[in-house]
Amino acid sequence: MSPQTETKTGVGFKAGVKDYRLTYYTPEYETKETDILAAFRMTPQPGVPPEEAGAAVAAESSTGTWTTVWTDGLTSLDRYKGRCYDIEPVAGEENQYIAYVAHPLDLFEEGSVTNLFTSIVGNVFGFKASRALRLEDLRIPPSYVKTFQGPPHGIQVERDKLNKYGRPLLGCTIKPKLGLSAKNYGRAVYECLRGGLDFTKDDENVNSQPFMRWRDRFLFVAEALFKSQAETGEIKGHYLNATAGTSEEMMKRAACARELGVPIVMHDYLTGGFTANTSLAHHCRDNGLLLHIHRAMHAVIDRQKNHGMHFRVSAKALRLSGGDHIHAGTVVGKLEGERDVTLGFVDLLRDDYIEKDRSRGVYFTQDWVSLPGVLPVASGGIHVWHMPALTEIFGDDSVLQFGGGTLGHPWGNAPGAVANRVASEACVQARNEGRDLAREGNEIIREAAKWSPDLAAACEVWKEIKFEYETMNTL
């Protein structure tokens with residue numbers, strides 16, 4: 001006689017579906033210093049109470065599933081479950097709330113941004129209880145921050161390596177972004193650097209295409225760097241994009257850059273992935289390379305106000321994963337960025353300790369302990385007339401990157417670089433003398449143009465250029 005399988009109801013277990021809020025909505029909970037805190041902007045489906053929607057987010061990003069399971073009795077749910085501990089309505093919005101969720105630290109692998117995001121945003125955004133969901137901010141506790149290496153070098157070490165202090169660094173993305181041969185590409189790099197820029201940059205699209213294979217580009221760019229350094233007496237850099245189809249190929253390209261003696265490489269961290277980025281950041285620290293990060297694909301994730309993930313979260317993740325520079329919008333150029341919001345995540349990139357400030361979109365106080373800072377890069381549709389505003393907004397610890405604003409100069413790349421360097425130094429000097437860049441900016445540029453023909457020509461070309469569109473990235 002064959003044995004029969006008998007199903008018994010265990011003590012404390014009752015099969016079936018129950019509301020998430022019965023277990024995961026805990027308004028009485030007092031957060032711990034070790035909790036990872038998340039602020040979600042959520043729009044519940046009609047008929048779904050906000051407490052249920054918030055609890056669903058907490059459950060699905062921790063221990064919950066759609067039905068009660070008997071294996072719940074084999075662990076301590078009270079220790080490991082996420083908790084929705086507060087819900088507040090969003091002012092001026094109908095049926096929209098900020099749900100605050102606390103995640104126990106033991107839910108996350110040490111030093112892994114990949115695991116952090118897989119847990120917190122990996123599954124909940126398709127959940128039916130919410131019509132829309134956006135992760136606005138994360139609080140990373142110091143105990144978890146200390147499990148990450150972070151940026152390969154950080155702001156102070158970079159300045160020491162470059163021997164450049166007291167001003168923003170200046171860069172240029174080589175254009176056209178695609179189609180140049182390696183030799184012509186290197187020529188464009190040389191002209192920009194000898195004109196006075198600190199950096200030039202591969203576009204994020206440039207990897208290793210038929211018109212320009214990566215090794216050829218690396219060799220011609222290295223030649224351009226060394227020649228411009230010999231002529232100017234300044235240390236120069238070019239962001240050689242090491243992003244590739246496999247992590248192994250990426251590391252091979254970074255190793256080649258190190259062998260050539262160039263100071264910095266680049267990675268597209270969202271399309272390349274956090275695991276690859278963290279590996280590259282470790283390699284860069286071990287081998288003395290700076291790491292420039294491009295955020296290609298970010299607007300797919302963060303541009304919609306009600307759904308996705310705010311860039312301040314991606315910026316925090318990058319500081320954990322590792323990068324010495326990251327693109328952060330301009331406020332004044334062609335790419336997205338409201339001033340208060342942008343400065344909020346710029347401070348999260350650079351500063352050691354940032355206080356909660358909802359007026360700038362900072363939902364939690366963040367202590368980075370000993371993690372190095374990241375230089376924000378302002379890039380996209382900017383030119384010499386923007387220099388006063390950029391200097392006033394971003395300050396010295398930034399990279400101001402002019403692509404078309406250098407290469408579009410009527411006299412060529414080197415005069416375009418001269419114009420940007422003169423404009424930058426004029427703004428820094430005026431600021432140091434106590435002048436108001438926001439109010440006197442145009443006058444400062446005009447005064448500098450009187451003794452710089454290169455700047456005067458640039459001012460004439462771009463005097464009417466504006467990008468006046470309503471920003472989407474608002475509080």
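Even glycines carry a Cβ here, placed using N, Cα and C.
Since this is a predicted model, take the numbers as computed values, not measurements.
Record check: Swiss-Prot places Asn123, Thr173, Lys177, Arg295, Ser379 at the substrate site, and the matching candidate among His238, His327 is His327. Put simply, of the recorded positions Lys201, Glu204, His294, the one whose Cα is nearest the Cα of Asn123 (substrate binding site) is His294. Listed in sequence order, Asp203, Gly403, Gly404, Leu407 are the same-chain residues at least 6 apart in sequence whose CB falls under 8 Å from the CB of Lys175 (active site, proton acceptor). Taking all protein chains in view, 22 other C-beta atoms sit within 10 angstroms of the C-beta of His327 (substrate binding site). Other Cβ atoms within 10 Å of the Cβ of Asp203 (Mg(2+) binding site), summed over all protein chains shown, number 18. With a cut-off of 8 Å between CB atoms and residues at least 6 apart in sequence, the same chain places Asp268, Tyr269, Leu270, Phe311, Ser314, Ile326, His327 near Arg295 (substrate binding site), listed in sequence order.
Every protein chain considered, the tally of other Cβ atoms within 10 Å of the Cβ of Lys201 (Mg(2+) binding site) stands at 29.
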